[in-house]
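What TrEMBL says about this one:
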- 65: active site, proton acceptor (ACT_SITE)
- 24, 72, 81, 82, 83, 90, 91: ATP binding site (BINDING)
- 65: substrate binding site (BINDING)
- 27-45: transmembrane segment (TRANSMEM)
- 51-71: transmembrane segment (TRANSMEM)
- 92-113: transmembrane segment (TRANSMEM)
Ligand SMILES: Nc1ncnc2c1ncn2[C@@H]1O[C@H](COP(=O)(O)OP(=O)(O)OP(=O)(O)O)[C@@H](O)[C@H]1O
């Protein structure tokens, strides 16, 4: 793959992220929550390993939300009418976002709760 094709591939991928950001309220909500968590991390001067877990958690939520949107759009494209299988596919994809969000939330609690308690 030459440099021009790589640039084109990157711009398609960037378009995908823009599409998810503009069309999905949940993705915007997660992005804003991620910014808030990053600012809180700077405030508490997190250690390197804590930053690594926070960045992984944020990435995991945004990636699953992006994949969920791709699956939703694919189901709507392939089978736009109501169908039990379409429901199961979309519910499972949404479940992956929920699992990622719960995991990220637990990691956030483990990292931030002791720091908030120390403040008191
Ligand atoms: N074609 C369909 N057939 C049956 N059930 C469906 C279908 N499309 C959506 N659903 C049901 O409605 C739910 C919401 O689907 P929708 O496509 O509206 O996602 P959404 O509300 O945009 O989800 P998200 O909040 O994750 O973006 C699905 O999880 C599924 O249970």
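Even glycines carry a Cβ here, placed using N, Cα and C.
Unlike curated records, TrEMBL annotations are generated automatically.
Projection of TrEMBL feature records onto the structure.
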| residue | record | CB count, 10 Å |
| --- | --- | --- |
| 24 | ATP binding site | 17 |
| 65 | active site, proton acceptor | 25 |
| 72 | ATP binding site | 17 |
| 81 | ATP binding site | 5 |
| 82 | ATP binding site | 7 |
| 83 | ATP binding site | 11 |
| 90 | ATP binding site | 15 |
| 91 | ATP binding site | 9 |
Chain residues in Cβ proximity to the transmembrane segment (92-113) (below 8 Å; excluding those fewer than six residues from its ends, i.e. six or more beyond): 26, 30, 37, 40, 44, 46, 50, 53-54, 57-58, 60-61, 63-65, 67-68, 71-72
Residues of the parent chain within Cβ reach of the transmembrane segment (27-45), under 8 Å, 6 or more residues beyond its termini: 20-21, 51, 54, 58, 61-62, 65-66, 69, 101, 108, 112, 115
Distance-selected recorded positions near ligand 1 (C-beta under 6 Å), from 65, 83, 90, 91: 83, 90, 91
Spatial separation of residue 24 (ATP binding site) from residue 65 (active site, proton acceptor) - C-alpha basis, Å: 9
